[in-house]
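One structure is given here, and the rest of the page talks about it.
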């Protein structure tokens, strides 16, 4: 990852350089906080720039009046804004560029989110409207999840939190699933839910389950398979917070039986102790969803 703090030398071996490496002035490492200290000690969260904005910011951060700055500028790739050996040296590209698409250098894939210039951040980067609107539960499982994560609110970048609203039709469910990058805390607002999660193999796959009424709260630990079922005769509404800007979701049935391409039916038949014909039927059903 990119180092922080001043350096006593630079890439060309010069010593007694009081300024930090210019590349460190751009906070793009996904594991670093994209917050900027202001004069009154408050913080400003960044969102995302375009690739062109990132390239320009990197170039302008260099002191092009100095000889070392001119050498640095000449080494920047004109299209990517990166040094040729960034990935080797742990420079600005290290830990950021996850996959380099050599066939089209205009496409850049990142591990995490680029940060937006704090001078361009405004209130809309921290705002979302619509959680008062019920989700459409007319589907196979009878539920709908309205997500509010970093894709909807750019200012959530690096904050490690997000939110969802879940609507359940009578007898609808949020089927068994996991969140690979975050724990969940759910509060029931309306209706009656049967909720629970299953612990790991090492814990003998214990089921932790409760019936929730309005005002009740339940926690689902990170990575645990969990579910919710509306056992009432009226619609139910819940809100849940997650400990990630984008916790991700893996729905078990869709993943196992609806993968693309399909998993070998014989493998799943043995794993689930089912007939291969049953597995193929399930794959045909989930593969079309």
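Yeah, the Cβs are placed from backbone N, Cα and C, and that goes for glycine too.
What TrEMBL records for this protein:
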- 177, 179, 184, 226: Mn(2+) binding site (BINDING)
- 26-47: compositional bias 'Polar residues' (COMPBIAS)
- 67-78: compositional bias 'Basic and acidic residues' (COMPBIAS)
- 129-280: domain 'Cupin type-1' (DOMAIN)
- 1-92: region 'Disordered' (REGION)
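Here the features listed in TrEMBL are placed on the structure.
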residue: 177; record: Mn(2+) binding site; DSSP (3 states): strand
residue: 184; record: Mn(2+) binding site; DSSP (3 states): strand
residue: 226; record: Mn(2+) binding site; DSSP (3 states): strand
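Around residue 226 (Mn(2+) binding site), a 10 Å sphere centred on its CB holds 22 further CB atoms from the protein chains shown.
Those residues of the chain, other than 177, 179, 184, 226, with a C-beta within 8 angstroms of the mean position of the Mn(2+) site C-beta atoms are 178, 197, 220, 224, 225, 247, 249. Long-range Cβ neighbours of residue 179 (Mn(2+) binding site) (same chain, at least 6 residues apart, Cβ-Cβ under 8 Å): 220, 222, 223, 242, 244, 247, 248, 249, 250. For the domain 'Cupin type-1' (129-280), the model's pLDDT averages out at 97. The number of other CB atoms found within 10 A of the CB of residue 177 (Mn(2+) binding site), across every protein chain shown, is 19.
The Cβ neighbour count for residue 184 (Mn(2+) binding site), using a 10 Å radius and every protein chain shown, is 22.
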